[in-house]
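First the structure, in the form of structure tokens, and then the observations on it.
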């Protein structure tokens with residue numbers, strides 16, 4: 001698309017808060033659960049089944065994204081998707097997002113417009129009926145997108161991490177390791193020294209585009225969260241920090257051991273075990289149940305010395321801990 | 001209180017995310033509406049009346065607070081209070097907070113512990129029954145606290161900004177200008193050149209302590225939001241950016257003119273009109289209604305050329321716009 005001239009695309013520090021808000025609101029449709037949308041002190045959402053699911057997750061420039069690799073659209077999409085996945089992982093249907101945006105004053109207005117477009121597109125593609133219903137806009141030297149997602153259980157009980165029972169099967173819906181593969185492509189091939197540089201499409205090998213998309217604009221199977229709950233999932237969570245680490249959390253919460261099958265983890269089981277940010281849904285089901293969209297990757301056993309095994313052997317794979325692992329770079 | 005040694009009080013970059021989370025959760029009681037609290041992908045809250053009020057507001061180091069002036073406790077308290085006020089302004093009772101925290105790695109663990117204590121204390125003091133039910137922890141070079149507050153309308157309709165009618169009285173509950181007076185004391189007397197320095201209690205004149213408290217740990221009258229709604233408030237909002245600016249927003253939303261009375265605006269009507277961050281509740285009521293805790297400060301008139309008058313004359317007072325007004329300093 002043709003880029004706008006600087007006159008057409010001012011920096012945020014040169015326009016009023018009202019101008020920025022109007023640009024966002026023009027790109028923010030109302031949602032089916034919205035009783036009162038943006039513009040007042042707070043939004044009001046329908047919660048017809050008498051409860052509401054709520055979660056929050058933040059993307060920070062540097063540890064969570066680089067502007068050379070992520071467009072505003074990508075960032076809006078991903079910020080929505082990672083929060084929608086947390087709602088889906090409870091077995092709920094997402095109803096609304098609230099977006100707290102802290103933006104540097106030298107950022108262009110078009111970036112914020114693209115961000116709003118990304119939020120809208122992710123909701124329409126991944127969670128129809130959900131939309132941004134409120135937000136907050138402030139300035140910061142570090143671009144920060146803090147999102148809260150709300151959801152409706154439609155009368156069901158929430159599916160937690162703690163209900164897995166020995167004898168259940170372990171199943172997953174969505175990608176394993178694809179997002180990490182995309183991150184490896186970015187860090188390995190699209191940097192000049194330590195500085196991220198834009199992706200050149202012609203330099204991508206077959207399959208790498210899908211890996212980059214999974215990293216920059218993940219599409220977790222949001223609609224399968226309610227499907228799993230209705231089918232009788234005994235436990236569920238989304239895989240944010242890698243299968244091994246998150247399966248270990250489920251095993252601890254449920255006081256069981258999860259034994260994974262390497263032959264169900266794709267071409268590169270180690271990447272599937274370690275790779276974060278896929279936001280696939282990890283669930284356990286009674287042995288006679290497997291809803292469409294899920295594939296079996298292991299079994300639930302009585303709790304042993306290790307929370308997670310693969311082919312009966314202990315798994316030693318670390319996940320991502322931003323407190324230790326972020327290199328303090330941005331770009 | 002005695003300060004802890006560095007060994008007892010590590011920097012966040014030297015401990016795991018789990019250590020920080022455990023410190024926060026140990027200070028986070030459950031709330032009366034909590035069906036499922038922290039620890040899973042999302043929280044589940046009761047929404048017994050079939051809807052939920054939701055709002056988000058962020059405090060960023062620099063434009064919104066300075067660490068020389070605000071303790072962790074102050075910051076937690078204020079982050080809670082400003083969000084609770086937005087829920088109250090809809091006529092709702094706050095039920096839950098979600099806290100997205102982005103913290104520099106050189107911050108001390110004790111700061112985060114105090115922050116959690118401040119959240120808890122503000123909820124207990126201002127909105128009993130409300131508590132932090134979920135959150136997110138990430139790293140950032142800029143300390144950022146993004147809070148989402150949820151509330152319950154208890155079967156009532158939301159009170160918006162748009163329902164004021166000619167003939168209504170304009171009333172307020174809470175302080176006007178006190179927080180701005182506190183900010184003026186901080187910027188005027190507790191800086192070394194441009195650099196904020198800690199407040200010295202012995203240098204405060206009579207009344208200045210209350211002004212500082214209003215700025216650093218505001219106590220808006222959260223419980224009076226539902227009271228106003230039950231009494232029949234026709235419109236309501238919290239005063240974040242100053243009475244003149246926010247009354248103008250209410251006047252635009254309701255298509256009326258608000259005529260304030262200077263003799264009801266305290267010793268310094270200009271400060272009351274311009275001063276932001278009080279989070280007092282501004283409401284309109286039918287002429288025969290005034291619930292306890294509210295005082296009349298003006299009248300609603302048919303829409304004229306100006307949205308806000310004072311003693312029948314136009315008011316020209318600007319509020320705070322971080323896009324234009326922040327000086328880019330922190331400290």
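Every residue number used here counts from 1 along the chain in the order it is shown.
Using N, Cα and C of the backbone, Cβ positions are placed for all residues, glycine too.
Taken verbatim from TrEMBL:
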type    : residues                   : note
BINDING : B:41, B:86, B:238          : Mg(2+) 3 binding site
BINDING : B:41, B:55, B:86           : Mg(2+) 4 binding site
BINDING : B:56, B:57, B:136          : Mg(2+) 1 binding site
BINDING : B:57, B:86                 : Mg(2+) 2 binding site
BINDING : B:64, B:277, B:320         : substrate binding site
BINDING : B:135, B:136, B:161, B:240 : ATP binding site
BINDING : B:241                      : Mg(2+) 5 binding site
DOMAIN  : B:39-151                   : domain 'PurM-like N-terminal'
Tell me, by DSSP, whether residue B:57 (Mg(2+) 1 binding site) is helix, strand or coil? strand
Show which residues of the chain containing residue B:136 (Mg(2+) 1 binding site), separated from it by at least 6 in sequence, have their CB under 8 Å from its CB. B:98, B:99, B:100, B:101
Hey, of B:41, B:57, B:64, B:86, B:277, which of those binding-site residues are within 10 Å of residue B:241 (Mg(2+) 5 binding site), Cα to Cα? B:277
Ordered by sequence, the long-range same-chain Cβ contacts of residue B:64 (substrate binding site) under 8 Å (at least 6 apart) are B:58
Tell me which of the binding-site residues B:55, B:56, B:57, B:135 ends up closest to residue B:277 (substrate binding site) in space, Cα to Cα. B:57
In DSSP terms, helix, strand or coil for residue B:240 (ATP binding site)? coil
Sorry to bug you, but what's the C-alpha spacing from residue B:238 (Mg(2+) 3 binding site) to residue B:161 (ATP binding site), rounded to the closest Å? 10
Tell me, by DSSP, whether residue B:277 (substrate binding site) is helix, strand or coil? coil
Cα-proximity to residue B:55 (Mg(2+) 4 binding site), 10 Å cut-off, over binding-site residues B:41, B:135, B:238, B:240: none
